[in-house]
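Features reported for this protein in Swiss-Prot:
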BINDING   ASP8, HIS10, HIS42  divalent metal cation binding site
BINDING   8-10, 34-35, 56-58, 61-65, 100-106, 132-135, PHE139, ARG142  4-CDP-2-C-methyl-D-erythritol 2-phosphate binding site
SITE      HIS34  site 'Transition state stabilizer'
SITE      THR133  site 'Transition state stabilizer'
Amino acid sequence: MRIGHGFDVHAFGGEGPIIIGGVRIPYEKGLLAHSDGDVALHALTDALLGAAALGDIGKLFPDTDPAFKGADSRELLREAWRRIQAKGYTLGNVDVTIIAQAPKMLPHIPQMRVFIAEDLGCHMDDVNVKATTTEKLGFTGRGEGIACEAVALLRKADK
């Protein structure tokens, strides 16, 4: 078994909506990013790549490459997952923690789980997404941006 950890953060800037976990969430602010700014899928992709020793999302999809400008993070996740599977890994489970003062994530979490399970070709029982605040502390607490952490467990298919 292999464990990977991912982290991502994006600052608010411009107009909303925002995309988190593949879900378009109405909000007055947008997130500044080269791609669609989906902190949840970026952290998850990093966790999966880390568990497979394939580097990170920036190595695979560099923000210096114009091809990834405005990229759909669900497509990036699916491509990373294809590469991970090609190395002989299967999914154990993933756990995602979104850190944001606002907007409220709870109403959107069920759809995030659906999208992640679809993209990874797994059962929803293998996908957990939760959200928390920092009780108005730090940059997320001041409403300056959103952060996310993710953990992934992989298994070698032949073991």
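Including glycine, each Cβ sits where the backbone N, Cα and C put it.
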Other CB atoms within 10 A, centred on PHE61 (4-CDP-2-C-methyl-D-erythritol 2-phosphate binding site): 20
Secondary-structure category, per DSSP, in which HIS10 (divalent metal cation binding site) falls: strand
Spatially closest candidate among HIS10, HIS34, HIS42, THR133, the listed recorded positions, to PRO103 (4-CDP-2-C-methyl-D-erythritol 2-phosphate binding site) (Cα to Cα): THR133
Where THR132 (4-CDP-2-C-methyl-D-erythritol 2-phosphate binding site) falls in three-state DSSP terms: strand
Cα distance (Å, whole number) from HIS34 (site 'Transition state stabilizer') to HIS10 (divalent metal cation binding site): 10
Between HIS34 (site 'Transition state stabilizer') and ASP65 (4-CDP-2-C-methyl-D-erythritol 2-phosphate binding site), the C-alpha gap once rounded to whole angstrom: 9
Assigned conformation of HIS42 (divalent metal cation binding site) - DSSP reduced to three states: helix
Rounded Cα separation (Å) that holds between THR132 (4-CDP-2-C-methyl-D-erythritol 2-phosphate binding site) and HIS42 (divalent metal cation binding site): 18
When distances run from the Cα of THR133 (site 'Transition state stabilizer') to each of the binding-site residues ASP8, SER35, HIS42, ASP65, the nearest one: ASP8
Least Cβ-crowded entry, counting other Cβ within 10 Å, from the recorded positions listed as HIS10, HIS34, HIS42: HIS34
Non-site residues, in chain order, whose CB comes within 8 A of the mean position of the CB atoms of ASP8, HIS10, HIS42 at divalent metal cation: VAL9, LEU31, ALA33, GLY37, ASP38, VAL39, ALA40, ALA43, ILE146, ALA147, CYS148
